[in-house]
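Participant: Just lifted these from TrEMBL, have a look:
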{"type": "DOMAIN", "residues": "1-144", "note": "domain 'ABC transmembrane type-1'"}
{"type": "TRANSMEM", "residues": "7-24", "note": "transmembrane segment"}
{"type": "TRANSMEM", "residues": "30-49", "note": "transmembrane segment"}
{"type": "TRANSMEM", "residues": "70-91", "note": "transmembrane segment"}
{"type": "TRANSMEM", "residues": "125-143", "note": "transmembrane segment"}
Amino acid sequence: RSLQMIRTIPHLALVPLMILWFGIGEEPRLILVAMGSLFPVYINTVGGIRNVDPKLIELGRSYGLGPVELVWSIILPAALQPILVGIRYALGVAWLTLVVGETIASRDGIGYLVQNARELLRIDIIVLAIILYAIAGWLSDFVTRLIERRLLRWHPNYADRGKA
């Protein structure tokens, strides 16, 4: 229940505290990205594990699988799709957090460049930064989707992709 309460706090609301506690630099950005990315992965992982068909677990036990083998052979493969969805969602949150963190509290990075461009009314630099963020976000999602297809090539939803 306390984890659920913590999850309801918008992680970007913690930016002022991060600046006070850690100053301006990499540490507050990393902590904010980690905090923002943790819950999507956690929630999807727990949901995926909870939704594993109990009959599959029973089948694994009847084949003599121990707890570790059961996790690797039955539970993880069955929960992999929601876990990967959580990772893809967490990447989006991570990019959003990184943009905000760099814009508000940074001495370097694209966000810092945008802040300087805003003060100098350099709209061209701001638009370029937005395009760079979009490309970086798209690339990270593209790579994650490739990994997802590779890891789930056995899954019926992914098996026929690329064959048509």
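Keep in mind that glycine also has a Cβ here, set from the backbone N, Cα and C atoms.
In the displayed structure, how are the listed features positioned relative to their neighbours?
Facilitator: Sequence-distant neighbours of the transmembrane segment (7-24) (same chain, 6+ residues past either end, Cβ-Cβ under 8 Å): 31-32, 35-36, 39, 43, 97, 100-101, 104-107.
Tertiary neighbourhood of the transmembrane segment (30-49): same-chain residues 7, 11-12, 14-15, 18, 22, 75, 78-83, 85-87, 89-91, 93-94, 96-98, 100-101, selected by CB-CB distance under 8 Å and a gap of 6+ residues from either end.
Outside the transmembrane segment (70-91), and at least 6 residues removed from its termini, the chain residues within Cβ reach (under 8 Å) are 36-38, 40-45, 47-49, 51-53, 56-57, 59-61, 137, 140-141, 144-145, 147-148, 151-152, 154-155, 157.
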Participant: So which residues does the transmembrane segment (125-143) touch in its own chain, when a touch means Cβ under 8 Å and the partner is 6 or more beyond its ends?
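Facilitator: Here the qualifying positions are 88, 91-92, 95, 99, 110-111, 113-114, 116-118.
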Participant: Under DSSP, the domain 'ABC transmembrane type-1' (1-144) has how many residues in helix, strand and coil?
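Facilitator: Counts, helix then strand then coil: 123 helix, 0 strand, 21 coil.
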